[in-house]
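K.L.:
The structure is given below, and queries will be raised subsequently.
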Amino acid sequence: MKYILSIDQGTTSSRAIVFDKHANIKGLAQKEFTQIYPQPSWVEHDPTEIWGSQLGVITEALANSRILPNEVDAIGITNQRETTVIWEKSTGKPIYNAIVWQDRRTAKICDQLTKEGKDKIILEKTGLVLDSYFSGTKILWILDNVEGARQKAENGELCFGTIDTWLLWNLTQKKVHATDYSNASRTLLLNIKTLEWDDELLKILNIPKAILPELKESSTIYGETDKSIFGAEIPIAGIAGDQFAATFGQACLKKGMAKNTYGTGCFLTVNIGKEPIINHERLLTSIAWGRKKTVTYVLEGSVFIGGAVIQWLRDGLEFFRKSSDAESLASSASDNGGVYFVPAFVGLGAPHWDSYARGTIIGITRGSTKAHITRAALESIAFQSFDILNTMKKSIPNFEIKELRVDGGASQNNLLMQFQADLLECKVVRPKITETTALGAAYLAGLASGYWQSAEEIISLWQVDKIFEPSMPKNQKEKLLENWNRAIERSKSWIQNSNSL
């Protein structure tokens, strides 16, 4: 019997999951790693710690599954996107910490480029808004702020990669420096129409082409693990950024299908087929995956703070000991008591894109309790997702959402899922296997290795766990949305001095 090993390198933890042919989980392991906050709005990770934690959980997951490395048919990698690592080619040593997707330090660089009109060129070529969220300005910052980095980059002595590339480099012991189209489409450097690194974009961001990885399809053989690591050479056969892997794992393989992942942030994607739609409503067009010599595009809205707001209530305010306790606490209040929570801790993502917004809890009275604030925090996740889907409806011709497939840790929260169905006025469907990000990476790897034969086989493996039907009266929903919109306007442009970022 053979299995697929999925590497799921996330924002707060490294995970590894072993799947069998029926997409059942045979074993898994997870390890949290250090979040580094050198200054307000700066977020970093130690790339060496990421690699070490990932290696540890792979070994543990295989042990938990009671399988040997030579029983693994192929490895799939999925990863937090945009997070940027630059390392020395000769030593493999990072020259700076990984700058995380949440990091806002390059907001001023983006402002300056926007003043110069570069945002329009970037949008047309990449499908992305010009924002510090993406890798491009993070690379620029490292090259300009680490001593000697720019000269080394010009000399071809450095490698850039998103986390998938960093893991691939280490798994193959420096043999493979590559990425897939989905991760590349989040760098501000890939032309999503030509599927090539774009010279004009590289010039705008002053980034030498020599540091960039090779571009490959998401479902293809990248190379093999070095024998020194697991004692076996295992094919690495699938790579996709986390939200794109989740879209694949949710079997949203047909045009018009939508999924929302409720993780650290929220990420709502709609499959828009084989042709990109460049969106002018501040949503993102990206490549979801490339396979069989074609690419599939998605329209995406990204919420920076989703489930992380519950982590903050747990760790920052100590409202409860476990994140899973949030639902029972929130349910102890019949409604939000007039409290609205805009968790703009690092600014606002789609469709607002305001780096200068900050968190707001509004509507508090003497009668407000921990339960009201927790409920408002949970509701904020659904409100932000509603804002995105509402914008998508305006952006995609004849788009009508019939169901939203959901996954991620917070999708286990029934209160949140019901509230989401009520706001969207559509079915919210949770699958039996909610590890859809890891599963998507496994599917991409297994299709490339021949473990699974076709997309139809993947679709047949998807199964429903629970369906949430909308039940809220329309006038109640409209009042909630009206107050949410008032709250979100209060949070915008809070920081007036950009040096405070």
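From the backbone N, Cα and C atoms, a Cβ is placed for every residue, glycine too.
As listed in Swiss-Prot for this protein:
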BINDING   Thr11, Arg15, Thr264, Gly307, Gly409, Asn413  ADP binding site
BINDING   Thr11, Arg81, Glu82, Tyr133, Asp242  sn-glycerol 3-phosphate binding site
BINDING   Thr11, Thr12, Ser13, Thr264, Gly307, Gln311, Gly409  ATP binding site
BINDING   Arg81, Glu82, Tyr133, Asp242, Gln243  glycerol binding site
K.L.:
Just name the most isolated of the binding-site residues Gln243, Gln311, Asn413, going by other Cβ atoms within 10 Å of its Cβ.
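P.N.:
Gln311, out of the binding-site residues Gln243, Gln311, Asn413, has the fewest neighbouring Cβ atoms within 10 Å.
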K.L.:
If you compare CA-to-CA distances from Ser13 (ATP binding site) to each of the binding-site residues Arg81, Glu82, Thr264, which comes out shortest?
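P.N.:
So, spelling it out, the nearest of the binding-site residues is Thr264.
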K.L.:
I'm trying to understand the geometry here, so how far is the Cα atom of Thr11 (ADP binding site) from the Cα atom of Arg81 (sn-glycerol 3-phosphate binding site), in Å to the nearest whole number?
P.N.:
9
K.L.:
Roughly how many Å separate the Cα of Tyr133 (sn-glycerol 3-phosphate binding site) from that of Thr264 (ADP binding site), to the nearest whole number?
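P.N.:
Tyr133 (sn-glycerol 3-phosphate binding site) to Thr264 (ADP binding site), Cα-Cα distance: 14 Å.
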K.L.:
Can you figure out which of Thr12, Asp242, Gln311 (the binding-site residues) comes closest in space to Asn413 (ADP binding site), comparing Cα atoms?
P.N.:
Gln311
K.L.:
With the cut-off set at 10 Å between Cβ atoms, which of these binding-site residues ends up with the most neighbours? Options: Thr11, Thr12, Ser13, Thr264.
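P.N.:
Result of the Cβ crowding comparison: Thr264.
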K.L.:
Give me the long-range Cβ neighbours of Gly307 (ADP binding site): same chain, 6+ apart, Cβ under 8 Å, in sequence order.
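P.N.:
Correct list: Tyr262, Gly263, Thr264, Gly265, Cys266, Ser323, Ile381, Gly408, Gly409, Ala410.
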K.L.:
May I ask for the distance between Gln243 (glycerol binding site) and Arg81 (sn-glycerol 3-phosphate binding site), taken between their Cα atoms and rounded to an integer number of Å?
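P.N.:
Counting only the Cα atoms, the answer is 8 Å.
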K.L.:
Within 8 Å of the Cβ centroid of the ATP site residues Thr11, Thr12, Ser13, Thr264, Gly307, Gln311, Gly409, which other residues of the same chain have their Cβ?
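P.N.:
Leaving out the recorded residues gives Gly10, Gly263, Ala308.
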K.L.:
Give me the CA-CA distance between Thr12 (ATP binding site) and Arg81 (sn-glycerol 3-phosphate binding site), in Å, as a whole number.
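P.N.:
On Cα coordinates alone, these residues lie 13 Å apart.
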K.L.:
Rounded to a whole number, how many Å is the Cα of Asp242 (sn-glycerol 3-phosphate binding site) away from the Cα of Arg15 (ADP binding site)?
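P.N.:
One finds 12 Å between the Cα atoms of these residues.
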K.L.:
For the binding-site residues listed here, Arg15, Arg81, which shows the highest count of neighbouring CB atoms within 10 A?
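P.N.:
Most Cβ neighbours within 10 Å: Arg81.
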K.L.:
May I have the list of same-chain residues other than Arg81, Glu82, Tyr133, Asp242, Gln243 whose Cβ is within 8 Å of the Cβ centroid of the recorded glycerol site, in sequence order?
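P.N.:
Leaving out the recorded residues gives Gln80, Thr83, Trp101, Arg186, Gly241, Phe267, Ser302.
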